[in-house]
């Protein structure tokens, strides 16, 4: 990782992998979607064979596979999954929005009705690792919101099934509609349905570039959570921070994939040098050191600022997915941070605490979109309808003002819809 010294007022230009596919990649995704729409299940079987090298005999996970998963999962792992589910559920219960109504003296009733989505599809990535935490973070808020129909897609392994931890987590959450599908073809199936796959109203969950491009392509026909890019971490630290902790946390995101971003922002050159050395030392023994090493080489940086105030400005410019504040008084700085998906305060709030266990959602805005976007929440799985009930008295009192506005905009039929009622009063 390179140390980059910033002058006071100097803007940061951080290289990120981005979310935009090439013309060829976009064309490939569009072809996959259209083929799934036309050929249904057969397209899913063909694409799974082509891209994953797996010959599917059944698109759906069976009850026998779910039962078998419990026989192959370690009990400490299962206990950890159950506790994580409980923590995430308790946090998201606090987010539930309630319908509300108010009645005015003239009899007008105004309000907002909150109702859950009918059907949601959760994409759970496979490939380089198993991700039961993705199931928890996507399914739990949907359940808290009241969604009744939750299905899941995840790419099958070469053995024709999914990892035991993935299946057991789904079973613990009561998700039994699970399709052995991944990639753009899985997104297309959830969006438009096939002979086997039921279409849904919203698709959530992370995936590779082709999954992200497919979600972007089907948006509008169905809802999506967000177009999530590679994982990011930014550590804001002062000279009191433990360089070993900081290095470990940077590596915790760098090991996700080669496009992950890992950044330190500090006014302390001494800390930056110590973190640089510590990162190299810890990287050498990581099982995924090739992946993490490429990420740090491409998208890693150690920024040294002229002051702590400038460091905070840099953080707000970056608008990172994960922000750790590793300073002597982290709470004192919290109010000055404007843009971050999740904020971890203090030396013991390591980013993996939020990834797996604490309760807040780990599906977060990336690529600087924390400037305007928020973490996945219960709100993402509900709809809000405005309720308007005008009384005769209210319309008589306000009808003239309504027609004035309608005619100002040149919409005569709007005005007449009010006039015809006023004439009957």
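The backbone N, Cα and C atoms fix where each Cβ goes, and this holds for glycine too.
Since we're looking at a predicted model, the values are computed, not measured.
As given in Swiss-Prot:
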type	residues	note
BINDING	123, 185, 208	NAD(+) binding site
BINDING	231, 253, 256, 322, 355, 409, 414	substrate binding site
BINDING	253, 256, 355, 414	Zn(2+) binding site
ACT_SITE	321	active site, proton acceptor
ACT_SITE	322	active site, proton acceptor
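Annotated features taken from Swiss-Prot, shown on the structure.
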| residue | record | DSSP class |
| --- | --- | --- |
| 123 | NAD(+) binding site | strand |
| 185 | NAD(+) binding site | helix |
| 208 | NAD(+) binding site | coil |
| 231 | substrate binding site | coil |
| 253 | substrate binding site | helix |
| 321 | active site, proton acceptor | coil |
| 355 | substrate binding site | helix |
| 409 | substrate binding site | coil |
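On its own chain, residue 321 (active site, proton acceptor) has 231, 232, 233, 340, 341, 342, 364, 365, 366, 370 as residues at least 6 apart in sequence with a Cβ closer than 8 Å to its own Cβ. Nearest by CA distance to residue 253 (substrate binding site), out of the binding-site residues 123, 185, 208, is 208.
Cα separation, residue 355 (substrate binding site) to residue 123 (NAD(+) binding site), rounded: 17 Å. Candidate binding-site residues: 256, 322, 414. Fewest other C-beta atoms within 10 angstroms, 414.
Residue 208 (NAD(+) binding site) sits 12 Å from residue 256 (substrate binding site), counting Cα to Cα. Rounded to a whole number, the distance between the Cα atoms of residue 123 (NAD(+) binding site) and residue 256 (substrate binding site) is 17 Å. Within the set of binding-site residues (355, 409), the lowest number of other Cβ atoms found within 10 Å of a Cβ is recorded at 409. Separation of the C-alpha atoms of residue 414 (substrate binding site) and residue 185 (NAD(+) binding site): 45 Å, rounded to the nearest whole number. Sequence-distant contacts (6 or more apart, same chain, Cβ under 8 Å) of residue 185 (NAD(+) binding site) comprise 32, 36, 43, 44, 47, 48, 51.
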